């Protein structure tokens, strides 16, 4: 299945493997056609010592064919055939070796090698270009806060995280979504070890679309429809079977390539009763962002109970 889409397989390989295949594809094709050129010269008699002497004026040898014309000039061994193969495929002409019109087979091999060389160039150079322009490289500058937090906002418990973009170029049509991954069991007793549940989120713009001109705090209101409805501070430890995955997608403004950045928060990476410190400030009529405080949080008064308990008993506030 991987070989059926060999181009994607090559792009997905690690750089050392890609460079090895890049080098071996050219080297093997040069050796293969070098062998073909050597066989043509051998079959035509170009490698015979007497015919090589007969080519030079005044050095004829008795019994050698008069006016002998080789298929390819100046091929005396496999080494010279290999050098001629390189010259043909990479279009380097040093002037010492060339195909004559003596052998139609040599002309056919010349055409085939040029076509094969162009195909190898197109595939390998396209593979290198795709690897250097992969979308996940752009995602390296899309950053998420190291920890997520749960605190009160507008009188409701909210799950919050911060996302930002380090580059000046924009991510167009950016959307963000979250999923809770945890082990669940159905009413019939079927156990789903990695059940993925979408959770509704809110952001300053509204909906899943965001305008990432500056770092944003994305939050999810923990209500009765939330899979976090029964989460309390006692559940936020590394033994808890809970993970929240955050996916940011958008189009890179400069290249038009769709990119995706992902992160996840385990239970012990969620801080209860804290909120993110402000990092956007106005200085001399311009807004500035202090990314050194991107993941900093401060403690705020927050009930140590689940969202269900808070909704059922308002006196906890």
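Cβ atoms here come from the backbone N, Cα and C positions, even for glycine.
Record features, source TrEMBL:
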DOMAIN    1-134  domain 'Potassium channel inwardly rectifying transmembrane'
TRANSMEM  20-40  transmembrane segment
TRANSMEM  106-129  transmembrane segment
DOMAIN    142-314  domain 'Inward rectifier potassium channel C-terminal'
Report the mean pLDDT of the predicted model across the domain 'Inward rectifier potassium channel C-terminal' (142-314), rounded to a whole number.
87
Per DSSP, what is the helix/strand/coil residue tally across the domain 'Potassium channel inwardly rectifying transmembrane' (1-134)?
87 helix, 2 strand, 45 coil
